[in-house]
Each structure stands twice: as C-alpha cells, then as structure tokens.
Amino acid sequence: MNDILNKEPMEEDYGIEKSLRPQFFNQYIGQDKVKEQLEIFIKAAKMREEVLDHVLLFGPPGLGKTTMAFVIANELGVNIKQTAGPAIEKPGDLVAILNELEPGDVLFIDEIHRMPMQVEEVLYSAMEDFYIDIMLGSGDGSRSVHLDLPPFTLVGATTRAGMLSNPLRARFGISSHMEYYQERDLEEIVKRTADIFEVEVIDNAAIEIALRSRGTPRIANRLLKRVRDFAQIMGDGRVDKAITDKALTILDVDAAGLDYIDQKILRTMIEMYHGGPVGIGTLAVNIAEDRETVEDMYEPYLIQKGFLMRTKQGRKVTQRAYEHLGYVYNEEE
C-alpha cells in the first residue's frame, strides 16, 4: 500500500498525533454516537462516585481509539497508564502494571487482542473483582499470594474484536464501535490541524483532502502534511485546491482515496475476470500480494466505498467501480 494511505501509524505520526490530540469530548471531532454514550456513562459514574465500567473500543486502525482513551481519562479527571498487548509478555508484566495503579485510574491496553492467554487469564479477576492471585516460587516451595487492587477502569482497544475470547469480551461493561469518519468531520479535522500547523487552507482544499482520506483522521493529517510541503515548494505556502490536486496526483491518491494497489485490484478483476466473482486467494496471487494483506488493508475500504462486494462465489466489482475507473459496465457479465 502507498505508505501515505496506510492506516497503521508510521514513526512520523507519533509525535504529530500527540500534539494534535484533543483533551476533552468538546474538542473531539466525529464519533458522535460513541461520545454521546460515553459522556452519559462517565457523568453517571462520577455522580455515584464509582469507577467507570471497563470500556472496549474497537474498529479499523487510525480512527482515534488511543485519543478516545485519553479523553475518557481526562473527563474522569484521573491518570492514565498506557501499554499494549504485545508488550505484556507474561503475567508478571501485568502484575507490575496493575500494582502501579491508583484508585480510579484508567489502564489503556492497545492491541488487547494480542495479549498472551496466560496474561489474559490473570486479567479476568482484576477486571471483575479487583484482585489477582499470583504464584510465587516453583515446585514444592511455590505458594499463592492474594493481591487486592484499587478500583480502576480498563480501556481496551482492538482492530480485531473477533479475536477477543468470550470471557475477556464479557468483562467489558461498555463496548464502543469506532466507525469511519464522514467527510464533513474529516474536513473539520483538516482545518483544526491546519490551524495548529499555522497553515492557511483555502479554496475547498480541506474538503478535497477529506474526500481522499479513506474515512481516517490519521490519513487526513498525513495528507495535509504532504500537501503543505508541495505548497511550500511549488506555491506560495497556502494550501489551495489546485496545489492539493497536484500533490495528491503525484502521490498516487485519486479522487476517491484509492491508491495504485486499490486500482490494481479492481482493474485485475475487471480485465481478467470480467468483474468477478473471483476467489480472494486467486486475486491475491494475481496482484502479487498475500491474502491477509488484501483482506485487511485493501478490501474493507473498497467494500465500504461501494467498489467491491463479497458474494458466496467470491468478490465482485460493482458498477460504481467500473464507472470510477472509466470502464463500460455490462450488466450481463
């Protein structure tokens, strides 16, 4: 995939995303349904002087799950400790993290679906009853130690909710699905980022960037950064529609946010298989990508935008894809 359209964070994104991160719900653009629900749950928990139920945030990468976790902590007025599933390799790692929590704190675990099962099992009692039992020593000299924990809120984030075990999923009192962003919300995000970067965006350039951002704020901010470079070198420093079109064309991002590989998938299906149906394995071989990459990186957006559909027989290209790429659509094919 064109790196600029990759929803996973790149090294350059980390510092930028932290500087752009909203602190409270009233600064957070988009995800209105999720925000409305969480605001109610947080207010109710604070009124009862209880900790907020554990929260699961799930959805595609780049949609602001980490940002939402920090907003939750700020709205609760508590500290947040951040880690990731792959970083918690053994139960002792989890115990060390839990032992540092203060009453009411938020523990944020990104990529929670990647925790080892032995770690996950320790987490069950911590989430449900705020205690853990740990084994010290080995063999005949081993003994179990009961450790009470302060009440806390676990916020877990995942792009693969289906990979969570049923026992773990059942312990989250709140599950929030983060969805792709509407263009109007992405436009506001681009404008907000431009203000922070002190870049002037004019002539509907923000709309154009939003339309090509694959419904993802991370990509919108990344595109703005790159267009800003073009505006600085090839223009007067202002980001207008003309320089935006030119920059994104050079970057191989078309009007619908499709990159070279997206188009290659659709063109291969149209030219070699008359639009399908075609099996995902066969398609992956034809475009020289592995099956998992096609399924995880490309297919969801193509389906979401109405360019591709799944059938029992395989994947099929839609009439919209034909028209977008300039092919004549024959309904009988």
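Every residue gets a Cβ built from N, Cα and C, even glycine.
ATP binds L20, R21, G62, K65, T66, T67, E128, D129, F130, Y181, R218 as Swiss-Prot records it, and from the list R171, R226, R228 the residue named for this site is R171. Summary: among the binding-site residues (F130, Y181), the fewest other C-beta atoms within 10 A of the C-beta are counted at F130.
Nearest in space to T66 (ATP binding site), taking C-alpha to C-alpha distance over the binding-site residues R291, R310, R315, is R291. According to DSSP, the secondary structure content of the region 'Head domain (RuvB-H)' (255-333) in residues is 42 helix, 9 strand, 28 coil.
Same-chain residues at least 6 positions away in sequence with a Cβ under 8 Å from that of E128 (ATP binding site) are, in sequence order, R171. Helix, strand and coil residue tallies for the region 'Small ATPAse domain (RuvB-S)' (182-252), in that order: 50 helix, 2 strand, 19 coil [DSSP]. Taking the Cα atom of each, L20 (ATP binding site) and R291 (DNA binding site) are about 34 angstrom apart.
Regional average pLDDT for the region 'Head domain (RuvB-H)' (255-333) in the model is 89.
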